[in-house]
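Data first, discussion second: the structure below is written as structure tokens.
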């Protein structure tokens, strides 16, 4: 029986998936609007990074690491640092990528993929989208990265590496970035007055009683949390994404690689978990018959909404995607807050 199902899937993958979706289920037994089991682990790279995370969505695994560089701020923004995002798809994560991290274009890998699936699998498109989303969301005030205005500032380099690709890597990367930034600690520094050179101090700096005035500590702008272990960033927003695939009129939340390759369209909604509020439904009048109480309506800010593929989506479907994303944010917010609480004394 199992061999016949595998043969059916190989010969006609669209009909195979249709058999499941027609019964409001999916090949991995999930309902249409249910995401895969999600695991978020911070601080997995403690030696070579200043903040890190491991995100697991089903069988999809993504490691995110943050490294820091000191540079000269832009003349247009002398009191702000920078953020950069880099994405890596090694060939071990999937057979559709070569040793350079680019897609292998052949009939075996791309023959049955939709246009939406191709855009969600291309490393350059993914890196561009994730970088735009992170920077345009203004999740942190870049002035927190300033060391000396006009002279020195931190540059945060965020590196995402796909360990195993089983679909929906975009959600995994954005979640990994949110978790790694919460885990980030800016080390204490000293700036030489004469040369302006920035020197990193140890994690637990020891005060030197014989210190002279050749070094000065940069003044704190009051926006970060300073301690003997460095400074953690204060967040304005918290990104939580949700990708929904459209297949034959059905909405499939958090599609697997198998489902992703067959979806006619994809919608990714990124919401701010810190803005979540609930709104009570309109109260019934006394003249209306009493019915079951309605659940509160979840509301929040949408940071980004992206759509790919040629399928048309109605306003009702887009609104449904936003509501599903807000529910996802409510589910994951306690996990994303763990690194922030760990940094508090």
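A Cβ is built for glycine as well, from the same backbone N, Cα and C atoms used for every other residue.
Any TrEMBL annotation is an automated prediction that lacks curation.
As annotated by TrEMBL, domain 'Exoribonuclease phosphorolytic' applies to 45-185 (among others). Mapped onto DSSP classes, the domain 'Exoribonuclease phosphorolytic' (45-185) shows 45 helix, 45 strand, 51 coil.
Sequence annotations record features per position, and here TrEMBL assigns region 'Disordered' to 202-230.
The domain 'Exoribonuclease phosphorolytic' annotation in TrEMBL covers 238-326 (among others).
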Query - Per-residue pLDDT averaged over the domain 'Exoribonuclease phosphorolytic' (45-185), given as an integer - result: 90
